[in-house]
Amino acid sequence: LIVFLISLRTVTGDVAYSFSEEMKHGSVVGNIAKDIGLEVGKLSARKARIDADGNSKRYCDINLSTGDIIVADRIDREGLCGKKASCLLKQELVLENPLELHRINIHVQDVNDNSPQFKKKSIKFDIRESADKGSRYRLDEAHDADVGQNAIQGYSIEANENFRLNVVAKSGGGKYSELVLEKELDREQQQELAIVLVATDGGTPQRSGTAVIHVTVLDANDNAPVFSQSVYKASLPENSPLNTVVVTVSASDADEGVNGDVTYEFDHISDESNNVFSLDQTTGEVKVSGSIDYEELSTYEMQITAKDGLGLVSSCTLIIDVTDVNDNAPITFIKSLTNPIPEDTPLGTEVGIINVQDRDSENNRQVRCSIQQNVPFKLVPSIKNYYSLVTTGQLDRELVSDYNITITATDEGSPPLSSSKTVELSVADINDNPPVFEEQSYSAYVTENNKPGSTLCSVTARDPDWRQNGTVIYSLLAGEVNGAPVSSYLSVNGDTGVIHAVRSFDYEQFRSFKVHVMARDNGSPPLSSNVTVSVFISDVNDNSPQILYPAPEGNSFMTELVPKAAHGGSLVSKVIAVDADSGQNAWLSYHIVKSTDPGLFTIGLHSGEIRTQRDISESDSMKQNLIVAVKDNGQPSLSATCSMYLLISDNLAEVPELKDISYDEKNSKLTSYLIIALVSVSTFFLTFIIIILGVRFCRRRKPRLLLDGAVAIPSAYLPPNYADVDGTGTLRSTYNYDAYLTTGSRTSDFKFVTSYTDNTLPVDQTLKKSPSDFADPFEDLEASVEVGADQSIRLVMPIESLACCLSFLNGCLFPAIFISLKFKCCVLVEVEFFLKEWNFFSFFIIYLLRQSLLSYFLHLLSITMEPIICPLSFKHVFFPCTSSPC
């Protein structure tokens, strides 16, 4: 076969080729890459492929290596296009990245592969012998499936003396033949004739078909039937029901009898017409006998003959035009689709190409496409019957992960027909959501002394992203708790968010702390969020009460003097205790568990005040021993005990030697050294003292002395974070003390007595004074001295130094009455004195203060008793500080 190849680019971008039918598989039709101007190497990269138009079969394919269009299947023009003058095969070239579509129109050329054929191999005629010369008898047409030059070009018959053949060209194309009587027949000489009819086409090589004409000579019938019309035309809608009468043909015969009886039959009818129409031989009605489809064939043309009883015939032409009915719904084809779609796809991105087709004609094939309104997509028309599916909104996989897009195609027919096609699109996840904790903050509650590794609480964060983008990992943010890394206190399970304690907690060290937990996903890049976790530690009763007063050191003990004239209910002393726990675990109660005389003394249950229950009598033992227990209110309760010795006497001189009471040798030696020092210094200033005494008695008033100092104690003296509880270890009233010390005694004692408050400066008023008010408290000493006036001195000192300092200051330095005792904080106590009487030591101390000579004296005191004495408010007196203040 000779292949004719024509390649051209149409205005619309179509490519057309022309080649002959029946080409071998793999035959080259043309080079599409060259014709569309595309490099051959890009065909594979852009996934080039040949797609058939509509539901038709794919007859061509593309060679991705060369760009050639090759024959993929047998192409039979007669099967594809039948008798159509032009046979067009539509194919499509689809390219991706970016999406492109090229139409390929292939014109299939006919080859002479079919021979002419007669419907009947035997053609019979009954001709009367009376037939006139020149009578014509139409012969059956031969059929050739080929078209054009390859179709039937002529007819011929064998040479004979009675007939010749006349070939007639039809107005619509094609030819038919007539048998013309050249010589009158003579039945007596020859009753039957057999003539071979030959039909030939114009192909190369030429093909032919034959039929035998059998002529029977009859007696004469001189009138043939005559049709009322030579051409009948009718219009018929497609899909007309069966037995619908299309048209009725009618022919008449002038003869009588059998010679005038007319019958009808189809002549020269195609198979398509014969399958859908039927002819009533008696009435001439043409009826519908099959399915009529405008899309298959729109016009039918057929020959109808009328024959009388003795064989005379005549013919007419029937042309039926089929009108279109909107009986085909549009069909939707997905030419290309991007799936899945990333959720960060920009607006207006093309994700698919849609093609719609309708087999109807004119308005019935005009199609419009649409999709539902509740999706972030739209259809944008491109070339004829093609649409692009583009995005119109921001995609969010966490809200909608899949879309079912229904594409509805509707034609313009009446009534309109429509069809739908659903396209499933998935949205690919992007890590665009950080983990979100279920709560804004978390709280964990744990009792102190917990076991390491115990679970405190759990945090939960949700990430709506998918797979690894939604996998949450927990961790602790770096930080410090009480000066230590947070990781030394807590740990968090990275997968579950469960928080565990790394160590055992102590409520007395700290009661709460905060940490920050981070939740991070596994995306790229990862996203995270933080949450605050507050840990609250609850107290347990794990600390026993601690007795601050009386507080024995070593073998020493506390002895109190009780006046013999003390009445029932008199305050004798007070037990001061604290508890490092809190709440009811720190609620303290005081009990006398053992005493020399059980009925003589009682202790306040919550105040710790020791009072007499009755008046003291002469029969009571001078030495009273009390054992006091302090209990907290925890479960189980913890306690501490202390011993207190009470001496019923008005002064120490009346008390016999206490051999059974131990004493502190160090304090006794210190007292001796101080007395020697005082005596030596007094010798140098005796004259000045006499002058001062004279001034005092002359003015008949006592000098005023106000000393306001601060003594700081380091936090190590008491348990840390001591929480004061009402009635537990805090003196809330002002108590007065009377202390006595004899020069020959090796012990020092003091006792609680009744209050002296008449001539004492109130505490609140004193504390409100600024340091400048105490710049020199002795500048107006002489001017303010009045007989009978009290001189107050106020000091702040550590609780541990309280007992020793009271005994020493009151006994050694000058006779004074200790009138007030107030706790400044958990470790400091404020004491206030006023001069009870004037003697040598009183004036000596005042003189030392004026001359700034007291620092050496107090230095010795601080070395011995180890208080931390910070500078007083006097401009002349400076106390040594051995540690930072409280």
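Think of each number as a place in line: the chain as shown, counted from 1.
Note: Cβ is positioned from N, Cα and C throughout, glycine not excepted.
Residues or ranges marked as domain 'Cadherin' by TrEMBL: 62-118 (among others).
Annotation source TrEMBL lists domain 'Cadherin' at 119-227 (among others).
Per TrEMBL, domain 'Cadherin' is recorded for 228-332 (among others). Secondary structure by DSSP for the domain 'Cadherin' (228-332): 10 helix, 47 strand, 48 coil.
Taken from TrEMBL, the feature domain 'Cadherin' applies to 341-437 (among others). Per-residue confidence over the domain 'Cadherin' (341-437) averages 88 (mean pLDDT, predicted model).
Helix, strand and coil residue tallies for the domain 'Cadherin' (438-547), in that order: 7 helix, 52 strand, 51 coil [DSSP]. The domain 'Cadherin' feature in TrEMBL is assigned to 438-547 (among others).
Here TrEMBL flags 562-658 (among others) as domain 'Cadherin'.
Sequence annotations record features per position, and here TrEMBL assigns transmembrane segment to 673-695 (among others).
Annotation comment: TrEMBL describes 801-820 (among others) as transmembrane segment.
Annotation comment: TrEMBL describes 840-858 (among others) as transmembrane segment.
Just going by CB pairs under 8 A, the stretch in 62-118, 341-437, 438-547, 562-658 that sits most against the domain 'Cadherin' (228-332) is 341-437. Secondary structure of the domain 'Cadherin' (119-227), assigned with DSSP and counted as helix (H, G, I), strand (E, B) and coil, comes to 3 helix, 55 strand, 51 coil.
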